[in-house]
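Visitor: Here's a structure for you.
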Amino acid sequence: MAHHLLLVSLLAFTCFSISAAFEPSPLQDFCVADITNAALVNGRVCKDPKLAQASDFFFTGLHLPGNTSNSFGSKVTPVNVAQLPGLNTLGISMVRIDYAPWGVNAPHTHPRASEILTVLEGTLYVGFVTSNPENRLIAKTLQKGDVFVFPVGLIHFQQNIGNGNAVAIAALSSQNPGVVSIGNAVFGSNPPIASEVLTKSFQVGKNVVDRLQAQF
């Protein structure tokens with residue numbers, strides 16, 4: 001009996017741990033984020049559902065090209081709970097990504113979401129890298145209408161490899177997927193990571209680290 005209870009307890013704990021790793025299902029029809037409430041909770045505080053309006057569930061602007069006049073040649077236009085309060089607790093969001101010719105959406109991760117990307121215009125080279133110790137690159141060239149999935153937490157990227165502009169739409173499995181840009185995080189942290197740590201980690205000289213930190 002004791003072994004049976006232990007097994008049941010372990011199974012229950014495992015199921016709870018798995019379910020807790022994802023955003024919980026809403027316990028009501030919706031939970032529109034109250035952007036005026038400064039309370040710190042895991043997500044956003046709900047406003048009174050009787051005060052919900054159509055505008056809480058509406059966003060416009062994804063038909064507009066993003067400004068790609070930057071060093072990366074790309075622009076991400078997000079639609080998450082910060083832009084669309086009605087997404088609160090629903091576990092979804094999306095982005096539009098514009099790419100100038102040969103522009104890149106630099107290597108990054110989403111710590112709280114998987115991503116499914118669809119090419120609307122142009123040709124993209126996309127990929128992600130598996131976790132240690134394999135660190136295998138899984139990459140493919142996508143054409144208009146092609147779809148590619150980036151698993152949650154893995155480093156991934158896209159590059160426009162055409163001579164014209166490219167556009168993609170991506171959906172993410174979180175109302176607030178988060179973004180960790182690898183270059184910004186490693187070489188542009190505030191305060192900076194000590195150069196001794198970076199020189200040892202990347203096996204390069206301090207002059208290389210200083211030059212990279214200056215870029216971010």
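Just so you know, glycine gets a Cβ as well, placed from its N, Cα and C.
These figures come from a predicted structure and were not determined experimentally.
So TrEMBL lists these for the protein:
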- 1-21: signal peptide (SIGNAL)
- C31-C46: disulfide bond (DISULFID)
- 60-210: domain 'Cupin type-1' (DOMAIN)
- N105, H110, E115: oxalate binding site (BINDING)
- H108, H110, E115, H156: Mn(2+) binding site (BINDING)
Visitor: Quick one: Cα separation, H110 (oxalate binding site) versus H156 (Mn(2+) binding site), in Å?
Guide: 9
Visitor: Restricting to the same chain and to sequence separations of six or more, state which residues have a Cβ under 8 Å from that of E115 (oxalate binding site).
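Guide: Set apart from E115 (oxalate binding site) by at least 6 residues yet with Cβ under 8 Å, we have V149, F150, H156, A170, A171, L172, S173, P177.
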Visitor: Determine which residues of this chain, when N105, H110, E115 are set aside, have a Cβ within 8 Å of the centroid of the oxalate site's Cβ atoms, and list them as they appear in the sequence.
Guide: V95, H108, T109, A113, L117, F150, H156, A170, L172, P177, V179
Visitor: In sequence order, which residues at least six apart in the same chain have a CB under 8 Å from the CB of C31 (disulfide bond)?
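Guide: In sequence order, the residues whose Cβ lies under 8 Å from that of C31 (disulfide bond) (at least 6 apart) are R44, C46, P49, N88, T89.
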Visitor: Please compare the binding-site residues H108, H110, H156 by how many other CB atoms fall within 10 Å of each one's CB, and tell me which has the fewest.
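Guide: Fewest other Cβ atoms within 10 Å, among the binding-site residues H108, H110, H156, is found for H108.
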Visitor: Give me the long-range Cβ neighbours of N105 (oxalate binding site): same chain, 6+ apart, Cβ under 8 Å, in sequence order.
Guide: F72, S74, V76, I97, Y99, F157, Q158, Q159
Visitor: Give the mean pLDDT for the domain 'Cupin type-1' (60-210) on the 0 to 100 scale.
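Guide: Result for the domain 'Cupin type-1' (60-210): average pLDDT 97.
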Visitor: Taking the center of the Cβ atoms of H108, H110, E115, H156 at the recorded Mn(2+) site, which other residues in this chain have a Cβ no more than 8 Å from that point?
Guide: T109, A113, F128, F150, L154, I155, P177, V179
